[in-house]
Ligand SMILES: CC(=O)N[C@H]1[C@@H](OP(=O)(O)OP(=O)(O)OC[C@H]2O[C@@H](n3ccc(=O)[nH]c3=O)[C@H](O)[C@@H]2O)O[C@H](CO)[C@@H](O)[C@@H]1O
Ligand SMILES: C=C(OP(=O)(O)O)C(=O)O
């Protein structure tokens, strides 16, 4: 199992190119299943979840061509097996995004239930309820959602869907399914993340009729057929946010090429309040940081609030900042798995339910720590960059799920970090 060895204490200087967003590329690969015409996605990040998604759709009978430059051509004209098996879904929950497109285009889908994961129970009841509202018949048997259209139906029917909570992949599944449904679908309480808007723009380029994406009310007029398109995956705001926190914590001056400051307002506000200088520059974001920062309290919420996917990374920064801070996690019930590992590095953090209280310490000291989930891994890398001595981050397959060459990018800006195989 690969590990990362980090020798802390180096400032970060130079430029990093931010990759396409994992959380946009995954639904967009599934959106390519909505048409028999070829779809070309550009700026697709090279990371494990994308590889898993490509395996998933290839196993369905889809032809994939990758050019090594971030471009992927997907041809699902001969898709023969509308199934997402447990073996793949268990390693990548986003496989549930196949449900909407398969049902909409083929009238049937068999998709494994994802089950819980390290950060929480993460049910998919809202996905099921939404598809049922559009007429799908769904039974859950042997760990699978087996979905089909009622007898005599050729398409899903538009519906009014109000989810009990804001769900990102739920909204994406409904957007894709509704694009090919008969009539109008109205999504209330829809997620507003930039990845939703990016998916909607792709669907519109395929011929879908969507209005209101980027707001909590999205209206979709279904069309009979979608066509192929070429679409560039939006920049990964969480990768950019991770590098912002890394530079702010370690000190230095870095430009994040392709980074979108407009997608990171909540994180950037906190970084500025902490004492870092963050500026939107032509084609990217510049971050400068010197000396000890001031700890910042925050609470995770849906976009445009502070993202849960940035909570662990900002906590690493708070751990060595001056003062104490409170971090409340409102999205996932178990997303503090990094705390015990940071404590091994010398951080002073107390957790009570969904609240963590962090007393900033002057320094962390390197140790062996274990990654427990994707963003926890990133937070331990940031902690390792500022810790004295050597930090060994174990189980980085979690990190590889969602970051495109993180250690190479960090090394290029001056970090002392290497992968141990
Ligand atoms: C591939 C992808 O885009 N993943 C992101 C997506 O995950 P994902 O789409 O899985 O997360 P959701 O937005 O659906 O989850 C939000 C909350 O709703 C709950 N819920 C959700 C659906 C459902 O049917 N029932 C239910 O109870 C979840 O357990 C969670 O507590 O949004 C999360 C919240 O921003 C991010 O952390 C993930 O990085
Ligand atoms: C939780 C995340 O991803 P996923 O929904 O794929 O588990 C994440 O990207 O931080």
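Glycine is no exception: its Cβ is also placed from the backbone N, Cα and C atoms.
What you see is a predicted model, and the numbers here were worked out from it, not measured in a lab.
According to DSSP, residue 117 (active site, proton donor) is assigned to a strand segment. Its own atom aside, the Cβ of residue 117 (active site, proton donor) has 15 Cβ atoms within 10 angstroms in the protein chains shown. Marked as active site, proton donor by TrEMBL: 117.
Per TrEMBL, the feature phosphoenolpyruvate binding site maps to 22, 23. For residue 23 (phosphoenolpyruvate binding site), the same-chain residues that are 6 or more apart in sequence and have a Cβ closer than 8 Å to its Cβ are 94, 168, 193, 195, 236, 238.
Per TrEMBL, UDP-N-acetyl-alpha-D-glucosamine binding site is recorded for 93, 122, 123, 124, 125, 126, 309, 331. The 10 Å shell around the Cβ of residue 125 (UDP-N-acetyl-alpha-D-glucosamine binding site) contains 12 further Cβ atoms across the protein chains shown. Following the DSSP three-state reduction, the secondary structure of residue 125 (UDP-N-acetyl-alpha-D-glucosamine binding site) is helix.
What TrEMBL lists as domain 'Enolpyruvate transferase' is 7-410.
Feature annotation from TrEMBL assigns 2-(S-cysteinyl)pyruvic acid O-phosphothioketal to 117.
Note on the repeat 'ANK' (182-215): residues 21, 23-24, 27-28, 31, 34-35, 39, 134, 155-163, 165-168, 170-172, 174-176, 221-223, 225-231, 233-234, 237, 260, 263, 302-304 of its chain, located 6 or more positions outside it, place their CB under 8 angstroms from a CB of the stretch. Taken from TrEMBL, the feature repeat 'ANK' applies to 182-215.
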How big is the Cα-to-Cα gap, in Å, between residue 331 (UDP-N-acetyl-alpha-D-glucosamine binding site) and residue 117 (active site, proton donor)?
14
Can you tell which of the recorded positions 93, 117, 123, 125, 126 lies nearest to residue 22 (phosphoenolpyruvate binding site) in space, using Cα positions?
93
Determine the binding-site residues, out of 122, 124, 125, 309, 331, lying near ligand 2 in the sense that the CB is under 6 Å from one of its atoms, and give them in sequence order.
309
Where ligand 1 binds, which of the recorded positions 22, 117, 122, 331 are close by, with Cβ under 6 Å?
122, 331
With every protein chain in view, how many other Cβ atoms are within 10 Å of the Cβ of residue 122 (UDP-N-acetyl-alpha-D-glucosamine binding site)?
17
